[in-house]
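Student: Got a structure here, written out as structure tokens. Questions coming.
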Amino acid sequence: QMGRVGKRQASRAFSLYANIDILRPYFDVEPVQVRARLLESMIPVKMINFPQKIAGELYGPLMLVFTLVAILLHGMKTSDTIIREGTLMGTAIGTCFGYWLGVSSFIYFLAYLCNAQITMVQMLSLLGYGLFGHCITLFVTYNIHFHSLFYIFWLGVGGLSTLRMVAVLVSRTVGHTQRLILCGTLAALHMLFLLYLHFAYHKVVEGILDTLEGPNMPPFQRVARDIPVVSNAVLNTTAKAVALTL
Amino acid sequence: MSNFEQFHFDFYQSNYTIDDQEEGYNSYGSNENLCGNRKSQTGEQPPASGFAPSEMLLSSQSYTGQILQPTYSPNTLSYLSYTDGFDEEPPLLEELGINFEHIWQKTLTVLNPMKPADGSIMNETDLTGPMVFCLALGATLLLVGRKVHFGYVYGLSAIGCLAMHALLNLMSIPGVSHGCVASVLGYCLLPMVILSSSAVVFSLQGILGTLLALLIIGWCSLSASKIFTSALAMEGQQLLIAYPCALLYGLFALLTVF
């Protein structure tokens, strides 16, 4: 009886490892390649009449998703976000992996409908590298709490990575309507995800800065709790200077 | 280093098998040798260990044939039963698989990330050191005044071990076992214990705390990636291994700081 159970477990484990071996070629990378691809993911290509090459590797995207999880956790911890149904770690992992896998599958399905030349691994890779912009934006804006700064980063950095993904997809699709559907969906989802991550996972207390009083006070002034005293003082004086000049 | 090699050899040689008498004699001889070695190292000397083997052999030979009639003299009876139980079994630490010399070597390797690591030290999976370090981390977290976080430490280490094991199996040509990964990750948790014990002295929430945490994370991940790359022969990919380790230790640091 025990032998049978053991054998069944062993065969299940073996089949799991046999499946893992399928993924092995996608993890064969050098550090130089990863760095090059990370930098390339922020540069939109100009040549959209020729199908652009997409590297089908999964190491970089996987690491970027984990980095996003870590940044989310850090942001949630620094702002004392309370998650009622579930844990912080589970929420962060679920959100990031859900986005990566879910949106990749959805765009792959749309690409299949629109006759775009892209495989699932390539789509996973493309979207994974597109999260590099999200990581940078969130890392900066979770630590420096300025809404205008966030919007600049959202449009600039998020926009650049979205443009890169869109350009690659456009180069692999024929037909105007198809291009519009595919790229519009991807751009909307990607930008909205960044917006969602900023506002939902770094709860800021609606409050009024202590140093801003009088008629120059803007209607909304959000501050984050528990930021260190030094940067608080710096931010206060900077915000006061900005508000006084308005 | 030669002492280390010789000790390594001796450590594995003695396998005491009860069912085979002849092999029992041979291994008993080498076991006694090992006991003599260890005891001479630690400074203890059992009384007259020289004549105990020969007497043991004599009485064992005569004992097997005649169970009901004791052929040994009464004055050696008590000593014989004492050495019987004591000398037939391997030392407790060896039975448990705890080898202090190896543990100390691995700890030194972790504490000095610039020293090139020996790939063969990871051939045995040793979970004693990692267990001690996890408990030390939990204890220092308790000292700092956080809520009891033992569960988080164990959960994070378990999930981290599984993830690193999958990644290393995908990236390296020879595979790696769960025990080896758990052992290496556990040993490289030692600098994190240093971080959490420094949290007892001063608060880690400021700039200094952040810088110290980043330094410790870098230290941990450098050591872990150094050991992994030397054990799995993955030169050139040390940075690729160091980054997931840094993420994992970053989560531990998050637990410590906040």
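All positions are counted from 1 along the displayed chain.
Cβ coordinates come from backbone N, Cα and C, glycine included.
Curation plays no part in TrEMBL annotations; they are all automatic predictions.
So TrEMBL has the following annotated:
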type	residues	note
REGION	B:23-51	region 'Disordered'
COMPBIAS	B:27-44	compositional bias 'Polar residues'
TRANSMEM	B:127-145	transmembrane segment
TRANSMEM	B:152-172	transmembrane segment
TRANSMEM	B:184-204	transmembrane segment
TRANSMEM	B:211-234	transmembrane segment
TRANSMEM	B:240-257	transmembrane segment
Student: Any chance you could find the range in B:127-145, B:152-172, B:184-204, B:211-234 with the most Cβ pairs under 8 Å to the transmembrane segment (B:240-257)?
Tutor: B:211-234
Student: Based on Cβ pairs under 8 Å, which of the stretches B:127-145, B:152-172, B:211-234 lies most in contact with the transmembrane segment (B:184-204)?
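Tutor: Maximum Cβ contact count belongs to B:127-145.
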Student: If we skip the immediate neighbours and take only residues 6+ beyond the ends of the transmembrane segment (B:211-234), which ones have a Cβ under 8 Å from one of its Cβ atoms?
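Tutor: Apart from its flanks, the transmembrane segment (B:211-234) reaches 109-111, 113, 116-119, 122, 168, 171-174, 176, 180, 184-185, 187-189, 191-192, 194-195, 198, 204, 241-243, 245-246, 249-250, 253, 256-257.
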